[in-house]
């Protein structure tokens, strides 16, 4: 069974998923970061593929992408790194990438290689939903990859229900229609959006991302979702500490 499915079926508490950019701060940090996150009880990990034009990302993740590219990170290297730790990772791994690097690699080749190294899901923020359904869903299904779709405050109820009925795994609730980034708190408008989606009683569990950075934002998000995704905050700590173990410990301390 897919590890994402197993995680949500067996969960005893809210899910915490962490995002980081592969190849940042250093090219070979990927393995250590994943190991440290798993050791410290993180439920799921999103590994970002660096891209030169990351339109959905704020300054922190953009900067990490540029640095990772300078370090030499690409999909081929990432797959080699993940292959090396495949047998030691029990939690779900998700690859987050813009469409261009995947097309360059070959979409089916990408999915096949993800399957070989036990990747559970993929997120492609610039892949239109209709294009996914018409051109790519049969491929991801063939390799047991959960396609994680994003929704935002601007996504209509009709579209949310359409997404919910056509995907499995979980739905990624973006806390704002802007780019990723760190927020100290969620205003009433964002909280109303969380409550609105919660009241829709969707089939899929939902994780809230974009802006989770401290105990306050974590608590508010968990009131209206099955878990959270933390990205910019962790990437900024990786940049600050330049030490994966210290960055993980500092993140967990700030969320308590």
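The backbone N, Cα and C atoms fix where each Cβ goes, glycine too.
Taken from Swiss-Prot, the feature active site, proton acceptor applies to 46, 57, supported by sequence analysis.
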C-alpha spacing of residue 57 (active site, proton acceptor) relative to residue 46 (active site, proton acceptor), in angstrom: 14
Neighbour tally for residue 57 (active site, proton acceptor), based on other Cβ positions within 10 Å of its Cβ: 25
Other C-beta atoms that fall within 10 angstroms of the C-beta of residue 46 (active site, proton acceptor): 24
